[in-house]
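Peer 1: Take a look at what TrEMBL says about it:
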TRANSMEM  47-64  transmembrane segment
TRANSMEM  71-90  transmembrane segment
TRANSMEM  96-121  transmembrane segment
TRANSMEM  128-146  transmembrane segment
TRANSMEM  158-177  transmembrane segment
TRANSMEM  189-210  transmembrane segment
TRANSMEM  222-246  transmembrane segment
TRANSMEM  253-273  transmembrane segment
TRANSMEM  279-297  transmembrane segment
Amino acid sequence: MNMEKEEIWRLVLVLFLGQLVSFFLAAASFASSLIAELGTDTPLTQSFFTYLSLSLVYGAVFLYRRQKLLVAWYWYFVLAFVDVQGNYLVIKAFQYSSITSITLLDCWNIPWVIILTWLVLGTKYNPWQFLGAAVCVLGLGLVLLSDSGVSGGGGTKPIIGDILVIAGTFCYAFSNVSEEYCVKKKDRVELLTMLGVFGVLVTACEISIIERKDLESVKWSATMISLFLGFAASTFLFYTVVPFVLKMSGATLFNLSLLTSDMWAVVIRIFFYHQQVDWMYYLAFVLAAIGLIIYSVHDNKKTDGTTNEDEPDSLQYERLAEESSAAYNGVLAA
């Protein structure tokens, strides 16, 4: 079937936004890696500035609109809390593992999303999608195998770093599923505002409890300040573009776009760190790419041959909408 010009331009726009997301993620990972190399271990403080920028920029827009919340505040608190933990775990992993391992293992987000949407949202998957996820996990398993060997991916304790990343991706999966629902059913500005506000509160509390001494020991310099600002700017832009990708295409193309950040990580490692990349990384990347492609090709296809777009409300959101209607009753805006 020939695609109309409008559909072609829409696809081009989605792919372009996906690559922007991938680039911003790679830039943030690069900044985190350099901060860790300088001996600074303050993942919560790095995230604090990200959430602060989101709350200031989108909070101003939200206040200007003078609109009431479409979703109860406590749901946003849970979302922000989980998102903060995901950022903390992944950024913390840079203290133990290499940028290549971390960015490759970020793909664990895909199987977590499948599990969460299957159990929570009641999404139905076909055998091809499970095959794609299995191939993806197989490829990512090679990263763990490589890091456990002598020629591992770098870092002081790569296995610990890998475990932290995998745990962090579970938090990201929960966050992605929630964000996709919010941007498709509710309001993007409200989502980013409340995520920023509650993210600031959560990170501030956790900094005062577990990161205060590490923050006091930071040797601030022009380089360190530039890295913190670079990380905050990259993640702010990342959070800004993500809702557009999720709304226009969903989580599949979003995660496929993030796959290209792994290639940036390999390039950074080779040209900036002057390190050799184990051959298992290339094999892992190929297997992960094949798995993601298999999954994406069959993403919108149901067992009867129709697609999610054929229905006004996708099966991906039916159960959540039903369960949420009662919980939101009395707290949604008029």
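Just so it is clear, glycine is given a Cβ too, placed from its N, Cα and C backbone atoms.
Just so you know, TrEMBL annotations never went through curation; they're auto-generated.
I'm curious about the neighbourhood of these features; can you describe it?
Peer 2: Residues 43-44, 46-47, 50-51, 102, 106, 164-165, 167-172, 174-175, 178-179, 182, 186, 190-191, 194-195, 197-199, 201-203, 206, 327-328, 331-332 of the same chain, all 6+ positions outside the transmembrane segment (71-90), place their C-beta atoms under 8 angstroms from a C-beta of that stretch.
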Peer 1: Who are the long-range neighbours of the transmembrane segment (189-210) in its own chain, taking Cβ under 8 Å and residues 6 or more past its ends?
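Peer 2: Same-chain contacts beyond the flanks: 44-45, 47-48, 50-56, 58-59, 61-62, 65, 67, 69-71, 73, 76-77, 79-81, 83-84, 88, 179, 182-183, 239-240, 243.
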